[in-house]
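Feature list (source: TrEMBL):
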COMPBIAS  A:1-18  compositional bias 'Polar residues'
REGION    A:1-31  region 'Disordered'
TRANSMEM  A:52-72  transmembrane segment
TRANSMEM  A:84-104  transmembrane segment
TRANSMEM  A:109-127  transmembrane segment
TRANSMEM  A:139-157  transmembrane segment
TRANSMEM  A:164-180  transmembrane segment
TRANSMEM  A:186-205  transmembrane segment
TRANSMEM  A:212-231  transmembrane segment
TRANSMEM  A:323-342  transmembrane segment
TRANSMEM  A:371-390  transmembrane segment
TRANSMEM  A:402-424  transmembrane segment
TRANSMEM  A:431-448  transmembrane segment
TRANSMEM  A:454-472  transmembrane segment
Amino acid sequence: MSSEEASMTKTTESTEQEAPQGAISDFGIDTTSQSTGEAIRDYWARVRGGELGSLPALLGLVVLLIVFSALSDTFFTLGNLANLLQQGASITIIAMGLVFVLLLGEIDLSAGTASGVTASVMALHLIHNGNLLGGMGDTVFYVFCGLLVLAIVLAVVMKIWAGAALSAVALVIAAVGIPANAWLEMLLAVCVGAAIGCITGFLVAKVGIPSFVVTLALFLVWGGVVLQLIGQGGTLGLRDDTIFNVANGNLNFVGSWALFVIAVGGYAAVVLTRHFSRLRRGLVAQPTTLVLTKIGALAVLAAIITYALSLNRAPSNLVVIEGVPYVVPLVLVLLVIGTFVLDRTSYGRHVYAVGGNKEAARRAGINVERIRMSVFVIASSAAAIGAIVYSSKVGSVDPNAGGGNTLLLSVGAAVIGGTSLFGGKGRLRDAVIGGAVLAIIQNGMGLLKQPAAVVFIVTGLVLLLAASVDALSRRRAATAAR
Amino acid sequence: MSEPILELRGINKSFGPVHVLHDIDLVVNPGEVTALVGDNGAGKSTLVKCIAGIHPTDSGEVLFNGQPVQIRGPRDAADLGIEVVYQDLALADNLDIVQNMFLGRERTKAGLLDETDMEQAARKTLASLSVRTVKSVRTQVSSLSGGQRQTVAIAKAVLWNSKVVLLDEPTAALGVAQTRQVLDLVRRLAEQGLGVVLISHNMNDVFEVADRIACLYLGRMAAVVSSKEVTHGQVVELITAGRSGDLGIARPEAATI
Ligand SMILES: Nc1ncnc2c1ncn2[C@@H]1O[C@H](COP(=O)(O)OP(=O)(O)OP(=O)(O)O)[C@@H](O)[C@H]1O
Ligand SMILES: [Mg+2]
């Protein structure tokens, strides 16, 4: 016994002396550079262990593309594919914002109707040439300003400076009555969205009402507000070229290829810098050939898409429609910024931590309430951007704006893409992939002249399927561990 | 004898009607291991959480380096140099080992997370604890065994240049060799001049590493004794009855929660 103990102490000492070398032998996987085969096996092992990520949705996407292309002549045409991008953009953008909320295991049921409010305010500002007081009527306008002030106060109390600043900008725009300008209106919409998020977030994070209840109540409230702002049966037309172009315009030829260069070049730069910095410091990295292959594949795919979209896709000879739709760079920019925030900043790390284990995050000194409030600000702001896109697409705002299925489809997009409703797991690109799946289903079924009933049922079943995959993969991960 | 690094005076803590800690006095000296022992529910974890700023105290004073301090949250405690290994470990399952170890105190470069730097630092610390069975520091915590998690939680606490380390049953889930490592580490931390508080139910461990033993009995500090001057039996009596010979609370039967 005592000799055993002595030998044990000896091992301790020796490891300690050669700690730096010990580090290398102890974490084998971390230091031996992987071969391509190993990297693929590693990935496969993780998939089998239940870390599916967006794999099921990607497979679904491919299957749907093939099925609809086979069933419909018009589906796989340039005109329709570009149209598809424009149809799916708003849901995708709202879903990206919702990913932040879902990462905390919360839900925002009010994102849809809240987006409707921002769209209505935007339209009122445009139509009444900046005179919101006249557009809304006295009482409504003062309540509106009061709520903006409230949002500022709440954001300041919780030290959410961005939320406070955006709400303040909304207040200034509303109060000063600057004449209509498309860019100003869009800014106003986003700022009103942020203010709405401040109120929702405060009720959830500080007052402590479950997000389901808060946002269910606000879903009704904002729906009513939209009706109040627009009036029963009314429609606010958005007669402005800039706003119209957001969802309907295209980059010109040069712009399309510039986007290609920036997107692919930027991706390659980020991935390669990271890759070589890890190699330099002797940390585990994927094999260089695999990294280069990935970048190459992406470049080829992006080039094909850019080339295809820069061809004329007009159905008649009278007009020319060509170029990458504006919504593509818009979604890309939001995706890149959001992913960057989630993956590369402390804030993003804290969002994941709070979603994974709230108490652990609190004990690590993270201001949990602030994180919880902030995600609602992000979600509502993103919803406002989504609102700009869908209003632009139809060219008007009606009392049903953001109502109906907007919210459910957005949540569905995030979940279908692989975001977990249980919190802590999900990425922004999930929303994009999920958004694409839903857009294809809606578009494809429409082309096949399926009645609305069938479209709803199929969409619902796909969502159910995605949620089951999430639940099952969690079970799998739980049994794989330990 | 050196001045205490951490001193508690008359700490009281209630959860609603339940009075969990009664007038706790405790001194933690630098370079010493203070064992905190007591039966289940005696209030050991609660005391640790009060020091860590997780629970606000109802009354009492905390002195750090002789200065009265207000610890309002975990951040305050960490800023003073107090690190805690919690009994329930407090790790985020969905994050990997490195991310957990630096949680709340991420290293950044130009505002962005400096992953490579954190990964290297984490690996060094883990290697010094001889975590052999973990293949990669990028393993998600959800896929670690109980003992591996515990080691990660301990590594998380010793990663920082702290002055006081509180370990709440750090060896509860560990195997023989790993327990050895932790006990050695506890001694090593004390030799480096840190104040160490070790909570444990294992009397052998306690007597092996502790300089002083503080016995909690139903939320009261029954006695603080030098480990050289008492026997196992006396400590067990203090734990179970609050009293042993002329040590302990005068009338333990009057003590209520
Ligand atoms: N958050 C809480 N709310 C209410 N009561 C609590 C809370 N935390 C602890 N208690 C009570 O405080 C008392 C002390 O608990 P504590 O966890 O400090 O015991 P302990 O000494 O650490 O026990 P163990 O050895 O089992 O870990 C128990 O009676 C417990 O029920
Ligand atoms: Mg305890």
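The backbone N, Cα and C atoms fix where each Cβ goes, glycine too.
Remember, TrEMBL labels are computer predictions, not curated facts.
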For the transmembrane segment (A:323-342), sequence-distant contacts whose Cβ falls under 8 Å of one of its Cβ atoms, 6 or more beyond its ends: 82, 85-86, 89, 92-93, 96, 99-100, 103, 245-253, 255-256, 259, 263, 266, 305-306, 309-310, 348, 351-352, 382, 385, 389, 427-429, 432
Interface check, the transmembrane segment (A:52-72) with the transmembrane segment (A:431-448), three or more C-beta pairs under 8 A: yes
For the transmembrane segment (A:402-424): best-contacting stretch of A:109-127, A:139-157, A:186-205, A:454-472, by Cβ pairs under 8 Å: A:109-127
Range from A:84-104, A:109-127, A:164-180, A:186-205, A:212-231 with most C-beta pairs under 8 A to the transmembrane segment (A:371-390): A:186-205
Long-range environment of the transmembrane segment (A:454-472) - Cβ separation under 8 angstroms, sequence gap at least 6: 52, 56-57, 60, 409, 412, 415-418, 420-422, 434, 437-438, 441-442, 445-446
The transmembrane segment (A:84-104) touching the transmembrane segment (A:431-448) per 3+ Cβ pairs under 8 Å rule: yes
Close approaches to the transmembrane segment (A:186-205) from elsewhere in its chain (Cβ under 8 angstroms; 6 or more beyond its ends): 106, 108, 110, 114-115, 117-119, 121-122, 125, 147-148, 150-152, 154-155, 157-158, 160, 162-164, 166-167, 169-170, 173-174, 211, 214-215, 218, 222, 243, 246, 368-370, 372-385, 387-388
